Amino acid sequence: MKIAVIGQSLFGQEVYCHLRKEGHEVVGVFTVPDKDGKADPLGLQAEKDGVPVFKFARWRAKGQALPDVVAKYQALGAELNVLPFCSQFIPMEIINAPQHGSIIYHPSLLPRHRGASAINWTLIHGDKKGGFSIFWADDGLDTGDLLLQKECEVLPDDTVSTLYNRFLFPEGIKGMVQAVRLIAEGKAPRLPQPEEGATYEGIQKKETAKINWDQPAEAIHNWIRGNDKVPGAWTEACEQKLTFFNSTLNTSGLVPEGDTLPITGAHRPGVVTKAGLILFGNDDRMLLVKNIQLEDGKMIPASNFFKGAGSSALELTEAELVIAEAVRSAWQRILPNVLEVEDSTDFFKSGAASVDVVRLVEEVKELCDGLELENEDVYMASTFGDFTQLLVRKLRGDDEEGECSIDYVEMAVNKRTLHMPHQLFIGGAFMDAEGAKTFETINPTDGSVICQVSLAQVTDVDKAVAAAKDAFENGLWGKISARDRGRLLYRLADLMEQHQEELATIEALDAGAVYTLALKTHVGMSIQTFRYFAGWCDKIQGSTIPINQARPNRNLTLTRKEPVGVCGIIIPWNYPLMMLSWKTAACLAAGNTVVIKPAQVTPLTALKFAELTLKAGIPKGVVNVLPGSGSLVGQRLSDHPDVRKIGFTGSTEVGKHIMKSCAVSNVKKVSLELGGKSPLIIFADCDLNKAVQMGMSSVFFNKGENCIAAGRLFVEDSIHDEFVRRVVEEVRKMKVGNPLDRDTDHGPQNHHAHLMKLMEYCQRGVKEGATLICGGKQVPRPGFFFEPTVFTDVEDHMFIAKEESFGPIMIISRFADGDVDAVLSRANATEFGLASGVFTRDINKALYVSDKLQAGTVFVNTYNKTDVAAPFGGFKQSGFGKDLGNLLLPVTLLLFIHSTNICSKPLSASSCPRCRDVALNTVAVRACFLLGGDI
């Protein structure tokens, strides 16, 4: 069809472009005159395309259409007028002239909200549904017959901008094109508008936008957001007019504590808090305003209202004003479709892409004598006004204004002074729990109180989840590139390395970890984990899949791997920092945000980690840490509708409960690493020295507080007595003592309740008839120390043969010489399947046994050799899902082989005393990790 487009703005430009792509001939464009020498985007685009452009200042005079205007229009021979957005009054002589008449876009569901401020009134009235109408143009009263309507949900915190950008703009363009298509096909309806429910509201102006305080909080919130950003809802306070922006009813967890702000006519004074300005309706419900515009036009965070001029917009010097104008020109060059760069102009909403970020950073470097900006700076200050303020602060050298305040507990330990945060970490700030509730965290070495730690409540969980959700949906984390995200994680790993002695000391103090082991494993592997996953950030890829259900066969399916959103991380007390790192690093690498619940008995390294995320530049809200009880914090995370994934390490009983809560709440994803009773089978043909050494490690590593600890050792009968003799000999050499002493082998158990559980466990073993060879008692000294323990003569029916101790207790059972299948049956006779091990020099036996063992990890001639590149997880009631390893590779079996203990003779079918006549080249291995030597 031949179409005349009458209108203006980017919306008009997009409709015009899409109509041309549809094959329609745009015979002319009618738009507004240039303003300050700058053309409207619609007119600019049409002129580039060689389409006639008309810029009439007016279409009529004294109620009559101007003849020369009508003549120029009629000369084009248009068959349809399309009015995507038009601020001028078009006479009916033009409206009715074409063969198909005229259609116009209106941003409301007519007949509701007729008039020029339809979006504003949709929000002011608190409508739950919004949308747009395309109707046959009338005499300007928005009463013409309907052609097409589309609706959307109005979100509780929507503003004019968010509703327009999310739905009315993109879907409106599609709707206009669809309407023209229906007209061209002769299928366009003409549905009379009903009068029922019809409303007509006038244009919102500043003088009419004053807030009426005698109404509920929700109505006040709707008034503020309905006038955000133009004209702006205002009130009188502190002898000036204050205009409020960015309002929300999401005040979960907020406490109205702070400086009061008396407001003329308000039901109660407002309260300025760290989160913003809390206001009250006449129903005493709260709403929160995050930004305030002062009477002089300066926009400030509401939380800074009483902080003086230093917290508001900077006053620029003459030289800085010159720089600001030069930067404004740079923005104008980068954003050619923007008519005029104003303080409110948003860099990205105006069409900028990632390449434009680089260009802006480089232009600023040239304009400001080499000033170095980060890409993140542009994302953090995306409006021109904010960007100018950020730039000037950096030029003045005072850009650290927002540094987080931390209330440390200081303690001189291990020849250093520890600085330990002890409050909740939410939204990039350390804060007290609701009601200032706290609990004591205990030093297991002597039973003394280390400090008071904030005890998170349900409302704190809601606040943390809201912060994580906002960071995921609206924050910098989702805007930066995957490679920049990886760079931040590398920086975090570097900071963890710089603070590794402090972190290891805190692990020793709070968890009883032996300091040297904490350096290597607790902290060392945590650093490795973040570095490993930092490298994965830009390698998480989808796939292209050819499909053949249609002809010609040129169809493709594209898949993308996307972050799920807010992840709840519930970690155990045995490796506080390492378990946090295993789960958190992968979540962050994929672009998720996290709420971490450390174990209540070991919260301090998690809070120190939170501090390091700030120093690394991880955006606020991406990482949140909530010390507290599992029954409150863990349960609320599992139930919360905005949490999309739970990662849990702990007991099978609690894991089942979490899984049920995740299903009932919102069918959230869940990964579980649960209990274990890992069997270790030691055959008579093993390297006995190595078996004793690694057998000791398999049980006593990290005081036995190890999820993959060998819960039961099966030793072949012919070497059983010698194995036990050597083990007891080694146990008696172990030094039990202060975990900070460099020669300590065995520190205290993690907490008193666990110590009591271990004593009961041993008492039950003795009662059932197992032989207690050594240990089994608390060490007679302050603290929670337990003797390394060895049981023999353990029968399959006994409690200690079936249940996990999670402590330094070796459970040894015999099996008959050569009876491989029988011992395998006994080893697999458990509902757990986390790890397992086998010691033998026979490669055929090693592979046969490893294939039959029902466990996520099988160690061959070694133990405890986890690595960040190897996926880790269990079978059966030991859970499902994997930590660590290749994000894209589902692995169900890991086989760790220490090959120096396996025959390395050339492959052949000839007899070999160590290979038992087996042709090695006939053996296939599913997943083989060689830890030294050659096979």
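Just so it is clear, glycine is given a Cβ too, placed from its N, Cα and C backbone atoms.
Per TrEMBL, these features apply:
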type     : residues                                          : note
BINDING  : Q88, F89, I90, D142                               : (6R)-10-formyltetrahydrofolate binding site
SITE     : D142                                              : site 'Essential for catalytic activity'
BINDING  : 571-573, 597-600, 630-635, 650-651, K757, 804-806 : NADP(+) binding site
ACT_SITE : E673                                              : active site
ACT_SITE : E673                                              : active site, proton acceptor
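Annotated pair K757 (NADP(+) binding site) and E673 (active site), C-alpha to C-alpha distance, rounded: 21 Å. Of all the binding-site residues in the list D142, Q635, F806, the shortest Cα-Cα distance to E673 (active site) is found for F806. Between the binding-site residues I90, I571, L632, the minimum number of other C-beta atoms within 10 Å of a residue's C-beta occurs at L632.
Distance noted between the C-alpha atoms of D142 ((6R)-10-formyltetrahydrofolate binding site) and Q635 (NADP(+) binding site) is 53 Å.
Contacts of Q88 ((6R)-10-formyltetrahydrofolate binding site) defined by a Cβ separation under 8 A and a same-chain sequence distance of 6+ are given as I6, V32, F56, R58, W59, in order along the sequence. Of all the recorded positions listed here (D142, E673), it is D142 whose C-beta has the fewest other C-beta atoms within 10 angstroms. Every protein chain shown contributes to the tally, and the Cβ of Q600 (NADP(+) binding site) ends up with 21 other Cβ atoms within 10 Å.
Across the binding-site residues listed here (F89, F806), the residue whose Cβ sits among the most other Cβ atoms within 10 Å is F806. For K597 (NADP(+) binding site), the same-chain residues 6+ apart in sequence whose C-beta sits under 8 angstroms from its C-beta are A456, G568, I569, I570, I571, L626, P627, G628, G630, V633, G634, L637. Taking the binding-site residues Q635, K757 in turn and counting surrounding C-beta atoms within 10 angstroms, the largest count is reached at Q635. Here the CA atom of I90 ((6R)-10-formyltetrahydrofolate binding site) lies 63 Å from the CA atom of L632 (NADP(+) binding site). If you measure from the Cα atom of I90 ((6R)-10-formyltetrahydrofolate binding site) to that of Q600 (NADP(+) binding site), you get 70 Å. When the Cα atoms are compared, Q600 (NADP(+) binding site) and F89 ((6R)-10-formyltetrahydrofolate binding site) turn out to be 68 Å apart. Distance between Cα atoms for Q635 (NADP(+) binding site) and F89 ((6R)-10-formyltetrahydrofolate binding site): 60 Å, as a whole number.
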